[in-house]
Each structure stands twice: as C-alpha cells, then as structure tokens.
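Chemist: Quick one: the structure is below, questions incoming.
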Amino acid sequence: QHLTGTLVLSVFTAVLGFFQFGYSLGVINAPQKVIEAHYGRVLGIVPLDGHATNTSREDGTDPQAGTKGTLAPLADTSEDLATSSHILTMYWSLSVSVFAVGGMVSSFTVGWVGDRLGRVKAMLVVNVLSIAGNLLMGLAKFGPSHILIIAGRAVTGLYCGLSSGLVPMYVSEVSPTALRGALGTLHQLAIVTGILISQVLGLDFLLGNDEMWPLLLGLSGMAALLQFFLLLLCPESPRYLYIKLGKVEEAKRNLKRLRGNCDPMKEIAEMEKEKQEAASEKKVSIRQLFTSSKYRQAVIVALMVQISQQFSGINAIFYYSTNIFERAGVDQPVYATIGVGVVNTVFTVISVFLVEKAGRRSLFLAGLMGMLISAVAMTVGLVLLSQFAWMSYVSMIAIFLFVIFFEVGPGPIPWFIVAELFSQGPRPAAIAVAGFCNWACNFIVGMCFQYIADLCGPYVFAIFAALLLLFFLFAYFKVPETKGKSFEEIAAVFRRKKLSAKAMTELQDLRATEEA
C-alpha cells in the first residue's frame, strides 16, 4: 500500500477544490474595512468611520442608478447614521454568508452529478462555476460592486458545495484502505492552507487595499484553472468504473496506474463484493435515508458531526478573528490573525499523522473537550479585560488553543467520516445530506454571529462553550470508531448499537410487566 505518482497527483488535484473553499472562507476577513468603505461610496452612504463623502465616486462617475433614492447621500442625524450602518452590516453579512447559500443549494446535487458524469468529469465541469464566480468578484469595481460581489460569492459557493462533496468521494475511492484516513485529512489541510494564503495576501500592503481588493477576491480562479488542466491527467475512480459502470478492464487499468505494479485483484475482489452488495441494496434516496430505521443511527451521527464542526465557534473565529484581537487589545490584529492561520496549518499537518494512529473517535472527543476549555478561558479573558490588562493574553492564548484543538478532531474528521459510515447504496445520499447540513450551519453562523456578538459582547463564546459540551456528550455516547474498519464492519457496529438499545427497552418493558 504505497504512494504512487498518479495517486499523489490525483489526490493533490482533487484537493485543490478544497483549497479554493478555504481561500473563499478566509479571503473575506482581512479586507472587510476597505470593502465596506467601498460599499458605502457606491451606495452613497457615509462609510462607518464617519467621513462624509458626496454621492459621486472617486473617479467622478455617478454610482449605479439602481441604488439612488434609497438613502440621503449625507447622513445628517445619528438616526441616519444608524440606518446606514445597518444597511452596510446587512450587505456585508450577505457578502460573507451568501457563499454558504450557494453551498447549501448545490451540495444536494453532488450525488447525482458525481454519478452522472463520473467523479473526474464532474470536478472538471464544476470548475466553470468557480472561474465564473471569481471573474464576477475580480471585476467588482466596474459595476455595482456590492451586487457583483454578492453574486460572485454565491456562484463560488455553488462551486464549493459541489466540490466539497465530489472531492471526498473521489479521494476516498482512489485511496488504499491503509491511507484512507491520512489522505482524507488532506481536505482540511487544503482548506486551512487556502485560509492562510488568503489572509497573507489580504495584508494591506499586498492585496488588501483600496486598489487591489477585487484581484484578492477573484484570485482563487487561478487555482480553478490549474485544477482544470491537472484533472485531464487524473484517472477516473476505479470504484466508480467498476461498481457503477461495470467497466472491469478500465477499472483494472486505472487501479494499476494508481497502485503501481502491485496486483489489483485483491481490491477488485473487494469492489466485486461491494458491487454485489450495492446491487442487493437499492440506491437509497434522501427520503429513505431518514425514514428507514436501518440508517437512522448513522444519519444522526453524520449530521451531528457536521453540526458540531460548524457550531463549535470555529467559523466565528475565522470570520471575525481580526475583530476579536482588536477587542483583546492587540496593536496589529491582522498579524495575530495570520498567526492563527499558521498554527492552524501546522496542527492540521500533525493531525494527518494522528488520525491513523489514534483513531477518529478519540481525536474527535479530545478536540471537543479542548475547545470547550478554551472557549471558557476566552470568555473569562474577554469579560475581565476591562479590570486586568493581562487578561488580553489569556483570551489570545485561548484563541490559539481553540484552533489547535479544532484541527485535532472536529476539523478534519467530519469530511471523511461520513463516507466511512455508509456503504455504496446510501453513501451519495448521506454525503449530500451531511454536506447540506454543514453548509446550512455555516450560513447560520456567518449570518448571525455579528449580531449575536453585538448583543452578548464578551459572553458570546459562552454560548459556544455550552454547545461544545452538548456535542462532547453526544460524541461520547454515539460516535463509533471507524479507523481501519471496512464499510461493512462499521455498518455492523450500528446494527449492534441498535440491537442493544432495543434489548434495553425490551428489558424495561419486561420489568414493567413484572412489577405490574
């Protein structure tokens, strides 16, 4: 079970999809002030720092006709200022979170697209969306920028939703069992690398300034182009060829390319077994996934893992980290944010090695517990900041620890554990539902965090701490270990859990009847 050139190329190429995802998540953080000011000028509102500007833009053209008449060009009263800052907050929150709406919509179609076109061709086709969305953002200054950015973020979101389903599907199908976890962790590594690069490029002396921000926003289109051309060299997933299309010879050829000169027959036999099972188990629709008691346990676990990834508060840190560091009293908050990005990347690399050693369940639990403690520390730090200046260090260290623990478990594991929890029949539906759930939670956090943070002030992370406690308890009682197990053995674990639960209720019924 060794790495071959083709396997490395295939996994690297696929994972570029997740790199774009990470870039899009992080890119919007650094240039927030610059873009908000630009929105203010386009909409003819006073920017948030209160300098009145007249309605014509710096280049002397009138802003888009579609925006006129909604607001007085100059905010005279504090009331107008409040309204205009509300409108800016709304446009800004939309720019951040409409990305997740795109992801929600398209994640449902993942299974269908992947099966219709094949994994590689599907990844090729969806890159068109990425390139289009990035062009819209790159050209934002030539039109009504707030509309172009929101549209561009929505289209890139559509791309990332498809990509975040197709990539794990392809990677888990081309990787040998022994490397499945380690290669599965690369999804998260690609995301955090994307976040880090977008944060570095977002520094104001690089691209995060008034002239260059459209280029910054549209830059991941380059990754899409690279991925497009590299995909032409990648072999189609042998599992897909064999199980879905029944092309035995082609599957063998591709397996040989992916595995080097080792004998493909063992894996072919495995696929044959899976194919027969897939034939005996009908393709499962999303509705059946929820109505059939056979899958219920696994579905609940799959959804809860996604929910705990998003509602752990990690996105809150990525979206608003610069803001949090400012509050904690850092002089150059942008650099602290980049520090978080670096720590994030380093620990994701570490988790690539941990996940095959320590097992998925134990890492997931350890990560949640660590995040819980960090969230409490962060809350204490932010609350007591006004009394003790040194508390700013407490909340900063807490941020770093929070991110480290996230990357140990709750970060990487949800992406590939869903593919491990289900066999061939229900897998596409399960990946679609889990993806939708992940994106929906991402949207809710992105849309509401700013408002909740304004409402709760320093207590905002106490909310996340409470949620983390819930997630920890759930994972402790419900999430099975999937390391090194075949898909069949994992299904058996759930059957056992269901039986033991059934036995328990039967015992209680017996006792009840005896007492009666």
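Each residue, glycine too, has its Cβ placed from N, Cα and C.
These came from TrEMBL, pasted as-is:
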type: TRANSMEM; residues: 7-28; note: transmembrane segment
type: DOMAIN; residues: 10-483; note: domain 'Major facilitator superfamily (MFS) profile'
type: TRANSMEM; residues: 90-113; note: transmembrane segment
type: TRANSMEM; residues: 120-140; note: transmembrane segment
type: TRANSMEM; residues: 146-171; note: transmembrane segment
type: TRANSMEM; residues: 183-201; note: transmembrane segment
type: TRANSMEM; residues: 213-234; note: transmembrane segment
type: TRANSMEM; residues: 298-322; note: transmembrane segment
type: TRANSMEM; residues: 334-355; note: transmembrane segment
type: TRANSMEM; residues: 362-384; note: transmembrane segment
type: TRANSMEM; residues: 390-408; note: transmembrane segment
type: TRANSMEM; residues: 429-453; note: transmembrane segment
type: TRANSMEM; residues: 459-477; note: transmembrane segment
Chemist: Spell out yes or no: are there three or more C-beta pairs under 8 angstroms between the transmembrane segment (7-28) and the transmembrane segment (213-234), with each pair 6 or more apart in sequence?
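Modeler: Counting Cβ pairs under 8 Å, at least 3, so yes.
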Chemist: Could you tell me the mean pLDDT the prediction assigns to the domain 'Major facilitator superfamily (MFS) profile' (10-483)?
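Modeler: That stretch averages a pLDDT of 85.
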Chemist: Between the stretches 90-113, 120-140, 298-322, 459-477, which one has more Cβ pairs under 8 Å with the transmembrane segment (362-384) than any other?
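Modeler: Of the candidates 90-113, 120-140, 298-322, 459-477, 459-477 scores highest.
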Chemist: Determine whether the transmembrane segment (429-453) and the transmembrane segment (213-234) share at least three Cβ pairs under 8 Å, counting only pairs 6 or more apart in sequence.
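Modeler: Counting Cβ pairs under 8 Å, fewer than 3, so no.
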Chemist: Check the transmembrane segment (183-201) against each of 90-113, 120-140, 146-171, 334-355 and return whichever range has the most CB pairs under 8 Å.
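Modeler: Top-ranked stretch among 90-113, 120-140, 146-171, 334-355: 334-355.
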Chemist: Under 8 angstroms for C-beta pairs, at least 3 of them, ignoring pairs fewer than 6 apart in sequence. Is the transmembrane segment (459-477) in contact with the transmembrane segment (146-171) by that rule?
Modeler: no
Chemist: Can you tell me which recorded stretch out of 90-113, 146-171, 213-234, 298-322 has the most Cβ pairs within less than 8 Å of the transmembrane segment (334-355)?
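Modeler: Top-ranked stretch among 90-113, 146-171, 213-234, 298-322: 298-322.
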Chemist: Count the CB pairs under 8 A between the transmembrane segment (146-171) and each of 90-113, 120-140, 213-234, 298-322, then give me the winner.
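Modeler: Per the Cβ under 8 Å count, 90-113.
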Chemist: Sort out the residues at least 6 away from either end of the transmembrane segment (90-113), same chain, that have Cβ-Cβ distances under 8 Å to it, and list them.
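Modeler: Residues 24-25, 28, 32, 35-36, 39, 43, 122, 125-126, 146, 149-150, 153-162, 164-166, 169, 286, 319, 427-429, 431-432, 435-436, 438-440, 442-443, 446-447, 450.
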Chemist: Mind checking which residues of the chain, 6+ beyond the ends of the transmembrane segment (213-234), have their Cβ under 8 Å from one of its Cβ atoms?
Modeler: 6, 9-10, 12-14, 16-17, 19-20, 23-24, 27-28, 31, 34-35, 38, 120, 123-124, 127, 130-131, 133-141, 145, 149, 152, 156, 159, 194, 198, 201-202, 207
